[in-house]
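**Student:** So TrEMBL has the following annotated:
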{"type": "BINDING", "residues": "GLU65, HIS198, ASP202, GLY203, ASN204, GLY205, ARG206, ILE207, GLY208, ARG209, TYR240, TYR241", "note": "ATP binding site"}
{"type": "DOMAIN", "residues": "110-281", "note": "domain 'Fido'"}
{"type": "ACT_SITE", "residues": "HIS198", "note": "active site"}
Amino acid sequence: MKKPYLPFKLPNDKLIDKERLFNKVIQANKEIAIYNEKLKSSKVRPDLLMDLFSLKEALESSKIEGIQATIDEMLEYRSDEKNVTDDIKEVTNYYIALQEGVYGLKILPLSSRLIKNLHKTLLGGGIRGGSKTPGEFRSVQNYIGTQGSKIENASYIPPEPQLVDSFMSNLDEFMNENDDINDLIKIALIHAQFETIHPFLDGNGRIGRILIPLYLYNKGFISSANLFVSESLEKDKYKYYDLLNATRFNVTDKEDDEDQYEKDIVAVRKIYSDWIDFFLSACINESHKLIDKIEKINELYNVAMDKSTKIINSNKMRQVIDVIFEFPIFTKNKIKSRMTIPVTTLDGYLKKLVEAKIIYSDEKPRNRKYYFYDLINILR
């Protein structure tokens, strides 16, 4: 039977082939910088874009774990908080944990204490996994395998529970250490190490992916916690799993066989560089996609604002359009919760917007919902 894995402690300069990764790091840095500038200069408020992108990230990261929900379902739920399913709860918890992480960094370092808080939120509220000691590191042995499989058939057995605190303390130090390792390479190592330690009984993958934007934001590499890579990871999820699993390589003890040790170190460096290269590609791909989305949303904002103000040229109409960009599926009550406007005025505005086919209505006599499909389609 396989034994629990004993990871490397970090930092470990034997894991990085800087020469191989040099060009990819430069490319990733460039694309992320362009994305950051696009976000900061957006005509749609950056915090509103971030909110929508965070929701999409929550969906994609949860999808990797088999949680099924769509952007349409999440936007529907946000419009009135009705018709909630277990999957919607889990995605919502992820979204909330990500926001809590950003606020938490104002008072806490990025460390085990904050990570435990995020885990408690992720598995809170009576969802699946809620019995798996939310907010606490595991005190029993866990393992990764197919559903229903036994530990002897595991694809990976993480470190023994009594070692979790020690490995997480080492990871805490590494995350907060000022060194000369590029931040993108470093978060790739952090993510792999966290998944290798697997400190919780459930939710490790999702917490590990939440750490990516939080770490980069905490280091000042990005202006907000806005770099989301889960969509790319989900599209290649079996490669993602395989590359992570490959990093759990047992190196021969140098004293037992020095020649084999040297060969193993060469192999480990290639394995880690394969993982980091894949991660950097995900960063580049997602930066491209996010840049494209920002450009399309800004173009749509100009068109929607121009069309709507030609119908009714007022500051109130402009405010309504701003709310619609925040909530692409909405009710009258949602708009009234975001701005002060008489009901009769709002009714008139919405009627005009529907007639102009800027938005669409389900035409229900009560609790009517409106759909801004042009924005929803960009987010899908």
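From the backbone N, Cα and C atoms, a Cβ is placed for every residue, glycine too.
Help me see these features in their spatial surroundings.
**Tutor:** On its own chain, ASP202 (ATP binding site) has LEU123, GLY129, LYS132 as residues at least 6 apart in sequence with a Cβ closer than 8 Å to its own Cβ.
Across the residues of the domain 'Fido' (110-281), the predicted structure has a mean pLDDT of 96.
In the three-state DSSP reading, HIS198 (active site) counts as coil. Listed in sequence order, ARG138, ASN142, ILE144, PRO158, PRO159, ASN204 are the same-chain residues six or more apart from HIS198 (active site) with CB atoms under 8 A from its CB.
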**Student:** Near TYR240 (ATP binding site), how many other Cβ atoms are within 10 Å of its Cβ?
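**Tutor:** Within a 10 Å radius of the Cβ of TYR240 (ATP binding site) lie 22 other Cβ atoms.
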**Student:** In terms of DSSP three-state secondary structure, what is the assignment for TYR240 (ATP binding site)?
**Tutor:** helix
**Student:** What are the sequence-distant neighbours of ARG206 (ATP binding site), meaning same chain, six or more residues apart, C-beta distance under 8 angstroms?
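**Tutor:** Long-range Cβ contacts: SER61, SER62, GLU65, TYR94, LEU122.
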